[in-house]
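Asks: Pasting a structure below so you can have a look.
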């Protein structure tokens, strides 16, 4: 039987690449997305398309309304998404504890289906400065996962994989292109419209556009 892995899938470029990488490593992949009250639903529509295109065995979308807490421009319409370029420090688009919440859901699903590997698209090179995308965070979460689960305490080690964490955006795009990822299906924009068209000026759009240019790969992003 093939090894199973849970892959966090937002619908964006990074997580699509990570799903393709997990497939290439021979895993039977289970894709997990979250409807957490983000500004638009087009990234979840993108996640559905990516999961189908890359052959995920199952794709689950979990509802968990983080708008009740707010604290981020992605979950609070009163806060504006920055459009002036990537700045120093942790930006207002950081969603409090989002990766920890999503990895915890993935961990629960992993135990339920007998998966021992979690994959997610954390990146500490071309990114917006999020604290839960750093190597030390990934290592700490893996320690937690093995202390907090039946599998872990019985010696069936759970691994938290962040295969693109040290890659530039250009390197990620080149790797995905080699694996056949169709980036036209992905949505990275923080404020995409209902058709998935990108704003072109938020941090995520700027980093994505620069990545395609540096990778010398045609950019299929639809801008409005």
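Just so you know, glycine gets a Cβ as well, placed from its N, Cα and C.
Feature list, courtesy of Swiss-Prot:
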- 9, 10, 11, 12, 13, 14, 15, 16, 17, 18, 19: ATP binding site (BINDING)
- 189, 199, 202, 205: Zn(2+) binding site (BINDING)
Asks: For ATP, what surrounds 9, 10, 11, 12, 13, 14, 15, 16, 17, 18, 19 with a Cβ no more than 8 Å from their Cβ centroid?
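Replies: Result: 47, 50, 121, 186.
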Asks: Just the number: how many Å between the Cα atoms of residue 202 (Zn(2+) binding site) and residue 13 (ATP binding site)?
Replies: 15
Asks: I need the nearest neighbour of residue 189 (Zn(2+) binding site) among the binding-site residues 11, 17, 19, using C-alpha distances.
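Replies: The answer is 11.
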Asks: Return the residue, from the listed binding-site residues 13, 199, with the maximum count of other C-beta atoms within 10 angstroms of its C-beta.
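Replies: Compared across 13, 199, the most Cβ atoms within 10 Å surround 13.
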Asks: Looking at the binding-site residues 9, 205, which one has the fewest other Cβ atoms within 10 Å of its own Cβ?
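Replies: Output over binding-site residues 9, 205: least Cβ neighbours within 10 Å is 205.
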Asks: Cα-Cα, whole number of Å: residue 205 (Zn(2+) binding site) versus residue 13 (ATP binding site)?
Replies: 11
